[in-house]
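Here is the structure we will look at, set down as structure tokens.
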């Protein structure tokens, strides 16, 4: 598949707002048959006595002779201001710029523009000037950070138009002391259509695969004479959360203007993350012998509680950002000092917590391996058939534990990298991470395969060793037949490995 996203640079066109002279429309087009009257630069505006309030920065999306598509899924825009140094119009410290922004759409080149959103937004300027502020430096540009500008969760229309005004009011101090703005540049980021098609195809193929194994898995459990144990319930819950993230509701975004799809996708992913992290803790805990109180969710509240709290914090953070953007696409939590600090603190704390969680998981896996190794010392005393049977079970269990660690490591890396790419790839200064589609599709496929393997390996077996088999080639007497049968005759766990890792197995 092509790379997940594409970044397209746009240069705004300075239009003269001539509505005072009975202009037909309030929307100013940078080019085309009904284009606006343009300014080359602000020197021309001064010579023609055009005020700042009569200048509109217009950006048409996409570029000429192209059109947008619902396959692009979302549009994220960031802004860069070209500010020149001038002795009599210097940039104040902690200066704020006020933007009067409007967004409109249409689906053909000659139709009327329909408004999507209008807002007055304030952005804090963070600029540095590399040269001494003298007369010789006049005209040189400040080095300014990118500003968050806009995000919409669907691309349902072919053409979009952005009009930006910088209203000046000296009495109220609006847009005073922001330097001499020469140009406004925008960078538009959207998902690639080719990547979207591959993503949809994966979801469409994987959904029935996981559904079928879930039905088979739960049917195996209901055939048992005992009630399902905690581990079986948690594996089934993990399968449900995987199915929830798999269901390809995104197909509807091609025909409907559903701007909430980004938020919905975040919630689905958050539920799966919380379930996966909780499962790993319970999975390791259920195979340890350090406590007698197993097979109860209440025994894991210390480990699962923080995961639930962290997931809730993630949900609140997402509602504060993307939830508000459903009403106002120009809103960003990064625009205020408090919002930026909270958002950055959240990303850093989440990364630290995930790393600590991974270390704790490694420690638990080490303990489980040590317990299993202790069991292996009793294997030589068993008959050949029983020994081979248990050696195979132990090998499969160790293999699954190593896969679990690899899956956990990749998930932690994916979480940190995807946060950096989606939330702040333009906020981290010079640090840039290139992520290709193989990483996204690979991690997603890995999750599905892992959940599939869990349900396949941990489904209770119903095999019965007959008289011929037990007394024939295997050389096992009838007293050992019970030991070879699987957990349908036991009530203490879903698998032989589960039973083996507990005290009863030793007895």
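Positions of Cβ are set from backbone N, Cα and C atoms, glycine also.
Just so you know, TrEMBL annotations are computer predictions that nobody has curated.
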344-372, 460-488 - the range that TrEMBL marks as transmembrane segment: 344-372
Surrounding residues of the transmembrane segment (437-459) on its own chain - C-beta under 8 Å, 6+ positions past either end: 1-4, 195, 198-199, 202, 206, 209-210, 213-214, 216-217, 220-221, 231-232, 235-236, 238-239, 242, 246, 272, 276, 396, 400, 403-404, 407, 410-411, 414, 417-418, 494-495
Residues from the same chain, set at least six apart from the ends of the transmembrane segment (198-218), whose C-beta lies under 8 A from its own: 1, 235-236, 239-240, 242-243, 246-248, 250-251, 437, 440-441, 444-445, 448, 451-452, 455-456, 458-459
